[in-house]
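Visitor: Quick one: the structure is below, questions incoming.
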Amino acid sequence: MATVPVYCVCRLPYDVTRFMIECDACKDWFHGSCVGVEEEEAPDIDIYHCPNCEKTHGKSTLKKKRTWHKHGPGPTPDVKPVQNGSQLFIKELRSRTFPSAEDVVSRVPGSQLTVGYMEEHGFTEPILVPKKDGLGLAVPAPTFYVSDVENYVGPERSVDVTDVTKQKDCKMKLKEFVDYYYSTNRKRVLNVTNLEFSDTRMSSFVEPPDIVKKLSWVENYWPDDALLAKPKVTKYCLICVKDSYTDFHIDSGGASAWYHVLKGEKIFYLIRPASANISLYERWRSASNHSEMFFADQVDRCYKCTVKQGQTLFIPSGWIYATLTPVDCLAFAGHFLHSLSVEMQMRAYEVERRLKLGSLTQFPNFETACWYMGKHLLEAFKGSHKSGKQLPPHLVQGAKILNGAFRSWTKKQALAEHEDELPEHFRPSQLIKDLAKEIRLSENASKTVRPEVNAAASSDEVCDGDREKEEPPSPVETTPPRSLLEKVSKKKTSKTVKMPKPSKIPKPPKSPKPPKTLKLKDGSKKKGKKCKESASPTIPNLDLLEAHTKEALTKMEPPKKGKTPKSVLSVPNKDTVHTQNDMERLEIREQTKSKSEAKWKYKNSKPDSLLKMEEEQRLEKSPLAGNKDKFSFSFSNRKLLGSKALRPPSSPGVFGALQSFKEDKAKPVRDEYEYVSDDGELKIDEFPIRRKKSAPKRDLSFLLDKKEALLMPTSKPKLDSAVYKSDDSSDEGSLHIDTDTKPGRNAKVKKESGSSAAGILDLLQASEEVGALEYNPNSQPPASPSTQEAIQGMLSMANLQASDSCLQTTWGTGQAKGGSLAAHGARKIGGGNKGTGKRLLKRTAKNSVDLEDYEEQDHLDACFKDSDYVYPSLESDEDNPVFKSRSKKRKGSDDAPYSPTARVGPSVPRQDRPVREGTRVASIETGLAAAAAKLSQQEEQKNRKKKNTKRKPAPNTASPSISTSASASTGTTSASTTPASTTPASTTPASTTPASTSTASSQASQEGSSPEPPPESHSSSLADHEYTAAGTFSGSQAGRASQPMAPGVFLTQRRPSASSPNNTAAKGKRTKKGMATAKQRLGKILKIHRNGKLLL
């Protein structure tokens, strides 16, 4: 039995759990604990000698380090870097002076630190509590020390220890660290900062402050029965020896932290979480040599805060800080997430993800805590709406930040990284939609309450408008300018449009006096940033009042949606406003529903000045959303009515409906948190933010349709031309299709074009569903030929060839006024049909005649040209192809390219059928027949010279077509029955030249389109093919017989003719049923033309 080897002075076998070192002299192994060598010291030893070898070989030698300036205690030149945490670094840090933290740290007694205090003053700066009285903090007695920690936590507990000098982490057992702590000879500086003891017996001795319990997301909103356990980040024990240093960092997840010093003292170096500082921190932390750079030297100010025994320090989210322990210290700490600074928490979390930091104090499942908080916020919003109360602004803002983070986490490309932290039984898309809806409702309710408070204060200042113009309000007073601007907007709207107020608004205000409004307009100056597309140059813009109001409202929260139409148009009476606000709260959901239904029509029909103004509002998020829209709307209407010389209608209902429609649609200025939704259903927003790409004008037919219902214009062609000029742009960013929400426009097209009602809506919808691309004289030219070919290809696949015709006809009639379209169509026909017959030319001439008649009718009618206009006439007799005979349909279905000048109607009867495998192409068969006939004739002539036997008469002069067809059928039979003859290698030389194949294809296409062609016509076509193939065949048999055959063609198939009597053996081998005679074989070939459609 083999003995187990033993090692070391203790003579014990090898133990994998114990550190061992080899002696370089005797080559024996020794336990580190037996010879007094620590595992962390072993890398610094160059040559090790055991205690026995030290007597003969001397002591162990250490490695010669070239970077002792980083860690050594001696003085070094200034040009060399110093390692953070080294003895030299600590000495330099102690000697430095920093700004006092009294400027940024608030001293608050524990009894005053409540949730109300936090919400009122915010939690953006550190808070120092001198004593723990009233704080609700529970900690052990001051006699509690490190040995007690080992007793209550357990000596075998593995802890993460930081080597301060090297700024590296390692693991030790707690008992080993305690032994190091109490040792008198500390060779290294070790630091324990993340001993989380919430699941140990020591947890009963420590309780976080009450304010932490009330604010913490994990403590309040994380379910106890959740599948993922709560993160254990609330109770940490810090055991730090003298000169322990923790470099600058941001707590994981942007969490806030609390520190209580039980024994000793700690120094905090604090840096504000400004944007510049966070960017500098991210750059510094990502550098490879960041441990040799002191981060405080890169920022403008770093504050020094000393926390002594018995004091508690609260550090807000995002603060960058480092800690130094001047004396041995025992402290307790904890981290928590809260709703007072959600944005900073998210930013710090994103920085942490980008840097991929592996902090010792990680905040596990940070995203899960955010999901639970989002669910809680949704319930809080619903409860506040039921009770009629409003949530605090920081909660609304936090909900926005969280909802934006939820959307980014649930995107398709990012879901794989974040789905692990998604709570079980959660529906993230539904939560995002509901939360966005509640945020929007809460914002709308808060905006309707604001005018109530400010209405009385603003009524006095509205009376004297001239004084306001001379002495504009101070930027500090934000409320009066808002109210004043609302009333001035009312004045300008009513004065410019000259229409009564909508009847549905209760208690409409008295129209203002004209002199004041005129003064305001005449004295206006172009100051501040204005919209270029809002009005024409002849119409004045906003005056100094707008500039001062913009400046005054910059400090206010920019409203995402200017949703105060009723309070804007009502008198500043508190009771009236209160009643209206109550009505608004009840009608919020109905308004959102009506808005989602009317969004499509309004987006496609409102004036361009409104579209441009809304684009600037979305991009710049200006606080004057509603008022800008109101001014732009009035100016645009004034310009529109003046340019067309139309008298405004006297009925108040038109402008009332129009104005309410305008307000309902202009109020929502969408942001990333908004959804257009009903009470329970999600409405997809088809209108993303428009980009400024196209021409500034747009379709104004929405306004014209409403006016046409009440008055008839004096000159209808003038009105149509004006509308035609205004409709000269299409949004390049997105293509909008609207067929069923514009009955008025469709009716107008029907009335003016004079076509039948049957089928016009189908053609309108077909043309718009395909693309509805409109090209007018003032707009851009049509797409390139390659783009048009691609469009036509897609249309042909969908059997919708009408749209291309509309597209070409529209551009042609607009540009050439009748002449260029015919040339364009002729050019297209000429390019595509070079090899067609006379029948196609006759049809083309007929189409061009019809086109000229149609263009003449088009110019006489001066039709309304927009996306709904259908240029082709609808009186064609091909509207009902079902009742046409089969022969008539076959007659007009030549295999010709699509002509853009043809009349638009339903598709021709025969449609493209899918390619079937195993079918033979007729053109190849024809070429094979011609080649086989030629081969047969050559062999017959050879046999005629050799033997004087009896044979069939040759069709030299008398009947060339009949004999050629017979010989062609004979050759085709021999070629087609051989498998090799159907391959491309054999068929291509058989046709002799490409011209022969193309000619055969064109001839076959003409003959194949007739319904029941007789055999004579086909035999003659085969003969014609041979005589006209490539110009190499003569008109006689002798000329063809002298032609040599192409190399490699039919070499394996050269056999005598099937009609020869000397070929009986071969004839018996190849005979099949129905293929015995030449007539039967010819009939088989002709069945291809009889039943199939020839596709080239």
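Any Cβ shown, glycine's included, is placed from N, Cα and C.
Not measured: the values here are computed from a predicted model.
I grabbed these lines from Swiss-Prot:
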type	residues	note
BINDING	THR193, THR246, TYR259, LYS266, THR323	2-oxoglutarate binding site
COMPBIAS	954-1010	compositional bias 'Low complexity'
COMPBIAS	1031-1040	compositional bias 'Polar residues'
COMPBIAS	1054-1065	compositional bias 'Polar residues'
MOD_RES	SER474	phosphoserine
MOD_RES	THR479	phosphothreonine
MOD_RES	SER536	phosphoserine
MOD_RES	SER651	phosphoserine
MOD_RES	SER701	phosphoserine
MOD_RES	LYS716	N6-acetyllysine
MOD_RES	SER726	phosphoserine
MOD_RES	SER729	phosphoserine
MOD_RES	SER730	phosphoserine
MOD_RES	SER873	phosphoserine
MOD_RES	SER876	phosphoserine
MOD_RES	SER1057	phosphoserine
REGION	448-630	region 'Disordered'
REGION	719-755	region 'Disordered'
REGION	811-841	region 'Disordered'
REGION	871-1080	region 'Disordered'
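Give me the structural setting of these features: burial, nearby parts and distances.
Guide: In the three-state DSSP assignment, the secondary structure recorded for THR323 (2-oxoglutarate binding site) is strand.
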Visitor: For the 2-oxoglutarate site given as THR193, THR246, TYR259, LYS266, THR323, which other residues of the same chain have their Cβ within 8 Å of the site's Cβ centre?
Guide: LEU238, CYS240, SER244, PHE268, THR325, ALA331, ALA333
Visitor: Rank the binding-site residues LYS266, THR323 by how many other Cβ atoms lie within 10 Å of each Cβ and give me the one with the fewest.
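Guide: So among LYS266, THR323, the binding-site residues given, the one with the fewest Cβ atoms within 10 Å is THR323.
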Visitor: Determine the Cβ neighbour count for THR193 (2-oxoglutarate binding site): the number of other Cβ atoms within 10 Å of its Cβ.
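Guide: That number is 21.
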Visitor: Give me the long-range Cβ neighbours of TYR259 (2-oxoglutarate binding site): same chain, 6+ apart, Cβ under 8 Å, in sequence order.
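Guide: Set apart from TYR259 (2-oxoglutarate binding site) by at least 6 residues yet with Cβ under 8 Å, we have LEU238, LYS266, PHE268, VAL307, THR312, LEU313, ILE315, ALA331, PHE332, ALA333.
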Visitor: Looking at 2-oxoglutarate and its recorded binding residues THR193, THR246, TYR259, LYS266, THR323, figure out the farthest C-alpha pair and report it in angstrom, whole number.
Guide: 14
